[in-house]
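Some notes on the structure that comes next.
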Amino acid sequence: MKVSSVFITGTDTEVGKTVVSAILGLAYKMQGINIGYFKPVQSGAKGYIPPDAKFCQEILDLNISPEKLCAYIFEPPVSPHLAAKWAGIEIDPQYILEYYQKLKNKYDALIVEGAGGLLVPLKNNFFMRDLIIMLKLPLIIVARPGLGTINHTLLTLECARNAGINILGIIINRAPLKPNPMIEDNIKTIANMGNIKILAVIPEIPLEKKKLIEVAKNIDLGGINEIEQKRN
């Protein structure tokens, strides 16, 4: 299976981008693909150990230290632009691009996980959205299933489309095993009003590797790759 790298964003912070990144990575590994992971900017890294990169590195059995999966690592759990300011530096998008290219040479493809949503600033007048454009990557959006998700998801879709970003689809994360009528309607409304494919609905599960593997087995990578090929 021929694959390309993909960027994972969310409709907000704490929607489960890291878990989705790990699940997608497991799904690719099951297909024999040498998949890697990249977190351009990690804030909230206590002791400068990047939690998102560490989680994916462990789940995907990547033979590389978590710190080397990030271009920038900051301790304060704040927006990247503010974390960089407090550290006395400015984030350099060109450095991120070069870091990405070097890391990608080690793998068939990378799963690139953003911080927060599309309009999270990396520096003055440069947003996560602009980094996606610079990296020339297709986008998967992770969304919540509950109240408020329609607005957040449609806004994210509009922002990405206005920027000309290739959107592969939506992954709904942390859905209850028995969705109520509101959640079922939320998912249908996002698909219909957003004119977008729901790539997967991931249930709320314990963050154990064996549970993540079970979910990964049901991810339709063929469908994701087909969408990407049609839009290229």
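Note: Cβ is positioned from N, Cα and C throughout, glycine not excepted.
TrEMBL: automatically predicted annotations, no manual curation.
In sequence order, PRO51, ASP52, PHE55, CYS56, GLU113 are the residues of the chain that are 6 or more apart from THR18 (ATP binding site) and have a CB within less than 8 Å of its CB. Reduced to three states, the DSSP call for THR18 (ATP binding site) is helix. For 14-19, ASP52, 113-116, 173-174, 203-205, the entry in TrEMBL reads ATP binding site.
TrEMBL lists THR18, ASP52, GLU113 with the feature Mg(2+) binding site. ASP52 (ATP binding site) counts 23 other C-beta atoms within 10 Å of its own C-beta, drawing on all protein chains shown.
Sequence annotations record features per position, and here TrEMBL assigns active site to LYS39. Secondary structure from DSSP puts LYS39 (active site) in a beta strand.
What TrEMBL records for SER43 is substrate binding site. The Cβ of SER43 (substrate binding site) has 24 neighbouring Cβ atoms from other residues within 10 Å, across all protein chains displayed.
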Seminar exercise, completed: Most isolated by CB count within 10 A, of the recorded positions LYS39, ARG174, is ARG174
